[in-house]
Amino acid sequence: MAASRESKMPIFSDLGLIKTIEENDDIPLSEDSSDSGDEAVSVKQRRLNRKNVLFNNSFQFEDGNTLPEPKVNVVNYKPKGLSKVSSLDDKILEVRKQKLKKNGKLEGEEEDMSVEEDIDSSEDEDLKMDTVKEKKKKRKRGEEEEVQSEKVQFSESIDTYDEKLTFQEMNLSRPLLKGLSSMEFVKPTPIQAACIPIALLGRDICACAVTGSGKTVAFMLPILERLMYRPKATASTRVLILVPTRELAVQVHTVARKLAQHSNVDICLAAGGLDIKSQEAMLRLGPDIVIATPGRLIDHLHNSVNFTLNSIEILVLDEADRMLDEYFAEQMKEIIRLCARQRQTMLFSATMTETVQELVAVSLKDPVKVFVNQSTEVALGLRQEFIRIRPNREGDREAIVAALVSRNFCDKCIVFIQTKVQAHRMHILLGLLGINVGELHGNLSQAQRLETLKKFKEGLIDVMLATDLASRGLDIEGVKTVINFTMPNTIKHYIHRVGRTARAGKSGRSVTLVGEKERRILKEVVKQAKTPLKTRIIPQDVITKFRNRIAELEEDIKAIQSEQREESQMRAVENKMQKAQNLLDSNTEGQQRGWFQSYKERKMEKAKLRLSERDAKEVKKTRKKLTAEDRVNFELTKSQLYSIRAAKKSHRAKPLKIFSEQTESDKPSGKKKKKRKQTKKLGYEEELADVQTSAVKKFRAGPSYKERKEAAEKKGNKSHSKGNFKSFGRKKKNK
Ligand SMILES: Nc1ncnc2c1ncn2[C@@H]1O[C@H](COP(=O)(O)OP(=O)(O)OP(=O)(O)O)[C@@H](O)[C@H]1O
């Protein structure tokens with residue numbers, strides 16, 4: 001077990017080497033006519049070409065003689081002894097090997113065990129073509145009214161850019177121009193042409209441009225240029241870039257390093273899941289730029305000696321709308337409180353929010369709005385297809401996805417799935433069908449997450465099954481297709497997911513499965529679409545064939561899942577023992593890492609953010625009895641819970657009351673205004689009389705989590721006592 005873990009460790013050392021872009025190859029889309037015949041033929045041809053490459057990887061085949069002879073229709077899959085733990089792909093391969101042997105395939109034929117062996121392409125149904133029709137826009141009476149929330153007053157709004165502007169004309173330093181040319185970037189993209197000159201002036205920016213349009217370079221280049229003129233006598237961290245996921249942090253770090261390769265700017269990655277000690281050592285040296293995920297950054301702020309945000313001059317929130325949503329709310333408040341107030345703030349996203357309630361948290365000063373695209377737009381090169389799922393056919397989704405990835409979209413394909421459990425099941429299922437597949441979600445270790453991503457980038461995995469963890473920001477070269485197992489929760493999720501393809505002016509395709517319950521988001525997509533949408537129809541007999549194949553595999557899937565459960569229980573016991581041993585050895589009792597909330601508060605916050613504890617438990621209880629329909633219903637319920645919460649939130653026009661720095665537009669009006677003014681005045685008087693250092697600090701950076709908690713207790717504020725500060729009656733020992 002330990003050995004298998006160790007074998008994954010070298011991935012960390014590869015971190016700096018993860019590729020973003022190297023080639024500018026176009027991904028040509030099959031023409032409309034190829035929606036039918038050509039697609040099937042070209043897929044067949046591709047399979048033939050890849051036959052010898054597909055299943056080689058690192059798999060070792062055991063001696064066929066040692067395998068038990070199956071007696072029943074389903075393969076007798078016997079879990080190995082717990083001492084012999086194999087990877088999921090090994091388990092899948094072993095089952096497939098036994099199946100082939102049982103079906104009378106000769107030994108030594110294993111190298112040919114690619115997808116066509118199982119899903120026999122010689123059968124007529126496989127070559128049957130899907131029908132693709134153009135989706136007509138229907139303008140209905142009484143279309144849903146958009147919720148109008150209060151918007152930020154921008155001091156300037158820019159939606160055009162100078163098409164002729166070159167990087168040379170932007171007055172960038174030579175080392176940066178050299179960096180750009182090493183990356184083979186000749187011309188700025190629209191968002192770069194619009195943003196870079198303004199960012200160089202030190203203005204606060206709120207920027208929106210379509211996915212894959214080069215936003216990373218749009219904020220990184222002016223940052224590097226400004227750092228070229230920094231005083232070099234003392235090292236300090238001047239720039240903080242926050243991103244929502246670890247994988248995105250690694251990617252932004254790679255881009256920054258490439259751009260800065262000819263300069264002497266120091267860049268440090270402080271993302272979760274990676275070695276904390278080496279990060280601490282680097283942060284102590286005061287790197288110019290820190291690229292971080294919020295949780296790990298707070299950990300460093302509370303536990304790393306000499307690391308503060310006092311000298312931050314530029315703060316960037318990439319995927320800003322995500323960073324400012326409720327999931328990160330408490331952490332962002334804590335980070336922004338600790339940041340120097342005199343700073344430039346830049347917000348970037350493809351679905352940028354303009355509403356006061358979200359942006360107030362970052363206290364923008366005379367911000368410039370740079371919207372090159374509307375925040376609901378998808379890339380022009382994206383071809384959007386939809387597959388209708390009829391109410392009584394919900395159980396067909398797994399079969400449809402299996403058909404799509406084995407017949408039509410065999411490589412460079414990402415399948416987005418709502419839950420981690422279903423993504424894992426699909427890994428086993430598609431693996432057993434002979435598809436070269438990998439999974440990416442939060443239930444995996446960081447090493448496993450990075451390994452999947454690396455393999456997918458390098459083409460060692462054809463189909464990546466991912467949750468929304470991979471939906472934002474990831475720039476994987478040459479992704480041809482994005483498939484949505486269910487319609488994403490919100491239009492924003494949809495835009496980010498399908499934005500993993502058709503990047504940087506290239507073309508790509510998305511295929512979304514839409515049931516009756518998901519038509520609301522589909523209507524929004526149709527309403528926003530600038531190019532015609534398509535409906536794809538897969539012949540029913542093809543679906544039936546895949547459904548039957550999956551039913552045959554059900555016992556094998558269960559056997560693999562139960563072996564994995566046993567192994568993970570063993571691993572959990574082992575980890576606990578190891579932890580206890582470590583405590584005994586190092587005698588580190590009481591030296592826990594600090595955090596701005598107590599353990600219980602943090603747990604409560606997480607519980608509050610969870611969509612529904614009950615659903616997950618119910619599924620666990622009834623796991624054995626679940627049908628394909630049940631599984632899909634669970635996916636849909638999860639998705640609906642999320643969108644209900646998002647909808648409720650957008651109706652609530654409450655600004656986040658965090659900081660004293662309010663813009664004019666934040667200020668309440670009418671009766672409410674009077675009431676608030678009164679309470680504010682009282683607070684102000686109290687604060688004026690307070691000369692403690694902590695009170696002075698508060699004016700500089702806003703109240704801390706502890707102060708807000710105490711204030712809520714004092715006021716007996718109902719909203720607080722129901723929410724974040726519910727259990728704060730007792731004093732906590734640990735911080
Ligand atoms: N000036 C340029 N010329 C050519 N390619 C570029 C240029 N700038 C960026 N790119 C490439 O465009 C791709 C997309 O860039 P990036 O990941 O920054 O997009 P994004 O707008 O941040 O996307 P998302 O909204 O999904 O996060 C990358 O592969 C990047 O290398």
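A Cβ is built for glycine as well, from the same backbone N, Cα and C atoms used for every other residue.
Here is what TrEMBL records for this protein:
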REGION    104-153  region 'Disordered'
COMPBIAS  108-127  compositional bias 'Acidic residues'
DOMAIN    165-193  domain 'DEAD-box RNA helicase Q'
DOMAIN    196-370  domain 'Helicase ATP-binding'
DOMAIN    381-550  domain 'Helicase C-terminal'
COILED    543-583  coiled coil
COMPBIAS  646-655  compositional bias 'Basic residues'
REGION    646-735  region 'Disordered'
COMPBIAS  670-680  compositional bias 'Basic residues'
COMPBIAS  705-716  compositional bias 'Basic and acidic residues'
COMPBIAS  717-735  compositional bias 'Basic residues'
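DSSP labels the residues of the domain 'DEAD-box RNA helicase Q' (165-193) in these numbers: 16 helix, 0 strand, 13 coil. Within the model, the coiled coil (543-583) carries an average pLDDT of 90. Counting residues of the compositional bias 'Basic and acidic residues' (705-716) by DSSP class, helix then strand then coil, yields 11 helix, 0 strand, 1 coil.
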